[in-house]
Each structure stands twice: as structure tokens, then as C-alpha cells.
């Protein structure tokens, strides 16, 4: 007997097409079962099909979804989850048009958050991050990548990674930990970036032994780390058994996209300034292009990543919030979906695949997350919507009704959710 059977699902978005990264036409295709049903037993999906096919199945609990839509739990593959403080004091500078790198030089930006994170205890960081994770869950996210990078010293970086490990045990959302010690060059290492990177590399063996990080990342940008420094650093991390990511071409077209494809990074993230050659190389690689349009929006910039061109050229595109206190302080991945549709010229179908299938591959979770398939974890979202296009179309609010994590209800809007209204 099933534990739970969901029936009367108007649109069941299984996302279950070909295995592997989705590109071109596959990104614009959504496998949808009309009038669907999903069976759950011991936290695992055991039935996926139509309501007609589900007749005769027995379950301890039968949930009538009222003709609404069900999707897999969403995957946010790029966040800076664990940090201290906030940076609303920088809003005035941004409105005045002060460039981010100039704010950084003045001790703001990342360095401001570094100081606040250093001054926070691990428990304070955990409690703050739980608040943000709760919000992410309420937007339908069940798997999240979490970076360190607000320490720039060994003690604080360890503290962030240990906080992430504690959150993994205490919060229902699945976390994927990334070490981003190379997020900026500390003042005491100004002009000595190679020495700083070696210091970061010296931390990796113990980090690997304690399993505190799965990925290593670096901020490859003008005034931070060069392409050659980034490649050398990430290749050494790969030699130690880590998978790697790269903050690439966010501000200037340095060649970060090319570097990511060349070294076989799991993802290249941002890519606002990615060159035509970089896009071509990504298209011919298994590196996911994780685009972060919420950051471009919040920084009030005119030029967004060329998502349309990337998809047309064959790049596997994912979307993420880039949740962080400075350049994208939002947990709302649904808003990111809307911005991607409007500013990156992505179709609703492409947007959905970019926050499920491709985003799961960007963090090496393609075999466990992002799809509704028999044998996978029952990470599901019931939406207060009757079709998938409605979610990115009606922007700025959450359309989530209920979230199941491993077959258990982890979030419900409850009585606040409409039940009799029609769209």
C-alpha cells in the first residue's frame, strides 16, 4: 500500500525526457501528463501516470490536487547562503551609479559581508541561514547549492562550511556545499593574489577529508583573479578530488567561459560578458551555463547574459538566484524565472527545464533531483496554478501551495492558499 497518492493533477510536469543535459529543442520541451497521479512510498516515487492508470491503487492518504499543477522540487544551483549582516546601506551608492568594483575598493561589497560574517558565531550563521532556507522552500526549492567565501581566512571559511554541514542535518532542503575561499583578495594580500590562492589550496586536503565541500569555486574577474590564476587553482583542486565551478565573465569578457569549458568545470556562472568563442566552447562541452539574471536586474544593468543565443547555440543553460546580501538579496527563484523569460528571452518551457533538470546537473545531482520518476526521491511541489506558463507569467509572488520533501510535507500555505477562486 502506498503512503500517499496524489490524484487529479491538472498538469503533471515530470521533466522526464532524455537523461543528461538538455540543449536546444530538448530545453524547449516539457513532458506533461494531463490529469496525472503520483504515488509515494517510504519517501520514494513509486507510481507516475494518469489518474485512469492509478485507479485501483491503495494508499494511506489520497490527496486531491483539484486540477492544479505538480512539478519536481526546484533546484537552486548558485547561492551564497551562509553569511552575516546585510548591505542595504549600499543601495544609495548603487543608485548613484557607483560601480561594484569601486564599492569593493572602498571596503564595501564582499569585504563588508566578510567582516559581518567573521563577527558572527556559527550558531548565529546557522539560524540566519535557516530563515533563508525556509523562504527558499516556500518558493518550491528542495535542493540548494551553498557557497562559503565570506571569510577570506581559514577560521571563518571553516565556520561557514561547518554551518552548512549543520544545516544539512537540521533542514529538510538538500544542500550541496561549495568552497569559495577565492571570492576576493583580502587587503593583507593585496598584490599577492598567488600567495593567497596557495593558502586556500593548503586548506583543501583537510576539507576533503572532513567532507565539508564537494565543489571548489573562484571569482575570475578584473581586479580579483585572472583567467590563468583561476585555471591553475581549479585544476589543482580537481587533482585533490573536488569538482569545480567558476564565477566567469560577470563584468568583463576575460575568457572565463573558455576556461570553464577547457578544464571541464561543472558550471560557469554569470557569463554576462561571455564572448562568442566562450559560448561556442560551452556548447561543445558538458559545462552548464548557470545564468543569474536577478543579479543583473538588482545591479540595474542594461546588458543581461545572452541566454537566447546560448540556448540556440546548444549550451545547456541553468538558472539560479545567486542569493547573496550584496548583488541579489532574494530567495525567490520564481522571480528569477520571470526575469529570465523577459530579459534572457527564454520560453516558459526553457525556464522550467533550467530550474529543474539542467540546474540539477550543474551541481552533480542530475541522477537524484529535478525530475518526477519512479525510484527517485519524492520532492514535489503542488502549485496554485493550472498550467506551467502561469508561474513565470504572473510574477512577483509565490504560487506554491505545498512542498513535499522525501515524501513528507515540508511546507504548506495552508489556509492562506486560495481553494475556490479561479484564474
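Cβ atoms are placed via backbone N, Cα and C, with glycine included.
Computed from a predicted structure; not experimentally measured.
Less than 8 angstroms from the CB of residue 247 (Fe(3+) binding site) sit 217, 218, 219, 220, 221, 256, 269, 270, each of them six or more residues away in the same chain. Mapped onto three states, the DSSP output places residue 247 (Fe(3+) binding site) in strand. The Fe(3+) binding site annotation in Swiss-Prot covers 78, 80, 247, 322.
Secondary structure from DSSP puts residue 80 (Fe(3+) binding site) in coil. Residues within less than 8 Å, Cβ to Cβ, of residue 80 (Fe(3+) binding site) and separated from it by at least 6 positions along the same chain comprise 146, 147, 149, 150, 180, 322, 323, 324, 325. Under the heading Zn(2+) binding site, Swiss-Prot lists 78, 80, 247, 322.
Its Cβ taken as reference, residue 183 (4-imidazolone-5-propanoate binding site) is surrounded by 26 other Cβ atoms within 10 Å in the chains shown. Sequence annotations record features per position, and here Swiss-Prot assigns 4-imidazolone-5-propanoate binding site to 87, 150, 183, 250, 327 based on sequence analysis.
Under DSSP, residue 150 (4-imidazolone-5-propanoate binding site) is assigned to coil, being neither helix nor strand in the three-state scheme. Here Swiss-Prot flags 150, 324, 326 as N-formimidoyl-L-glutamate binding site.
Farthest C-alpha pair in the N-formimidoyl-L-glutamate-binding residues 150, 324, 326: 12 Å apart. Contacts of residue 78 (Fe(3+) binding site) defined by a Cβ separation under 8 A and a same-chain sequence distance of 6+ are given as 145, 147, 267, 269, 290, 292, 320, 321, 322, 362, in order along the sequence. Of all Cβ atoms in the protein chains displayed, 21 besides its own lie within 10 Å of the Cβ of residue 87 (4-imidazolone-5-propanoate binding site). Apart from 78, 80, 247, 322, the Fe(3+) site neighbourhood in this chain, defined by C-beta within 8 angstroms of the site C-beta centre, holds 79, 147, 269, 270, 292, 295, 320, 323, 324, 328.
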